[in-house]
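Have a look at the structure below before the remarks.
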Amino acid sequence: MTKVTKEMTTRSLPGRGRQWRASANRARPVQVLRVAILLSYCSILCNYKAIEMPSHQTYGGSWKFLTFIDLVIQAIFFGICVLTDLSSLLTRGSGNQEQERQLKKLISLRDWMLAVLAFPVGVFVVAVFWIIYAYDREMIYPKLLDNFIPGWLNHGMHTTVLPFILIEMRTSHHQYPSRSSGLTAICTFSVGYILWVCWVHHVTGMWVYPFLEHIGPGARIIFFGSTTILMNFLYLLGEVLNNYIWDTQRSCAFGSAAIWQYELLKSRVQSYFDGIKADWLDSIRPQKGDFRKEINKWWNNLSNGQRTQVS
């Protein structure tokens, strides 16, 4: 994290300078990681486009699949992240107000893309794909596709998206837009894609996803409405998760509560074992009166000669 980025972020996030100073030590590994993720997405896209699948030759090509659209979104997002890092390095120590203003706009675009597109669409693709795949893979990913798409490429499209976006969210703070504008944007994207799927069906007579062929019109309307609601929920989930990770007061409160619970539990356990130890010592320690009675009983049982010898 460069000086310019730290200063601008600290000004916009009062009270969080300590977090950003701590994260500055891992800025360079994060920048390298972003480049690696961007290259991996470029590799996945190139390999996917190189596959000669019949569905790629029909109307809409690859752009009718949400998985491909999500890959493009993730590649563009991490491309903006890398561009932001490069711009931050180039403007470090320059003192150019115009460059700092442009960098701030680039950071705002990066944050907006993560909030509105990268996180909700990426999590939606991973979650919905594997849920339907576990139920009946023929409904979304027929076995015929195994002849065209290798396993590593399938996981690159439908699995690694989630850990990559979570790593990005955990390593860098992202300022979310206002909730109304964010929800409006994700609703626009969802409705736009649904209309695009319906248009492809209108032109070709076939649905993009096989399971849509097996449900009635009413069920399709419910499904499309549910996907829009789920997209909105994932946007709110990303906002809550981002605030939870980067909220200093909440994190400190959680840490203090955890320490207090640990100390309380430790004290109770120590008191419990101290009580057991005290009870055990009391059980093996002879009572003062009983000890004297035993001595007197033993002395009385001795003969006069034995008493003389003991004395």
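Yeah, the Cβs are placed from backbone N, Cα and C, and that goes for glycine too.
Here TrEMBL flags 1-20 as region 'Disordered'.
Within the same chain, residues 62, 68, 71-72, 74-75, 78-79, 81-82, 85, 148-149, 153, 156-157, 160, 164, 167-168, 171 sit at least 6 positions outside the transmembrane segment (32-51) and bring their C-beta atoms closer than 8 Å to a C-beta of that stretch. According to TrEMBL, the feature transmembrane segment maps to 32-51 (among others).
The annotation transmembrane segment is assigned in TrEMBL to 71-91 (among others). Proximity of distant same-chain residues to the transmembrane segment (71-91), defined by a Cβ-Cβ separation under 8 Å and at least 6 residues beyond the stretch ends, is recorded for 1-2, 4-5, 31, 34-35, 37-38, 41-42, 44-45, 48, 99-100, 102-103, 106-107, 109-110, 113-114, 117-118, 121-122, 157, 161, 164-165, 168, 172.
Residues or ranges marked as transmembrane segment in TrEMBL: 112-132 (among others).
Cβ atoms under 8 Å from those of the transmembrane segment (152-171) belong to residues 23, 26, 30, 33-34, 37, 40, 44, 47-48, 67, 70-71, 74, 78, 81, 114, 118-119, 122-123, 125-126, 129-130, 141, 238, 241-242, 245 of the same chain, restricted to positions at least 6 beyond its ends. Feature annotation from TrEMBL assigns transmembrane segment to 152-171 (among others).
Feature annotation from TrEMBL assigns transmembrane segment to 183-209 (among others).
TrEMBL lists 221-241 (among others) with the feature transmembrane segment.
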Q.
How about long-range neighbours of the transmembrane segment (221-241): same chain, 6 or more residues beyond its ends, C-beta under 8 Å?
A. 114-116, 119-121, 123-124, 128, 169, 176, 179, 182-183, 186-187, 189-191, 194, 212, 215
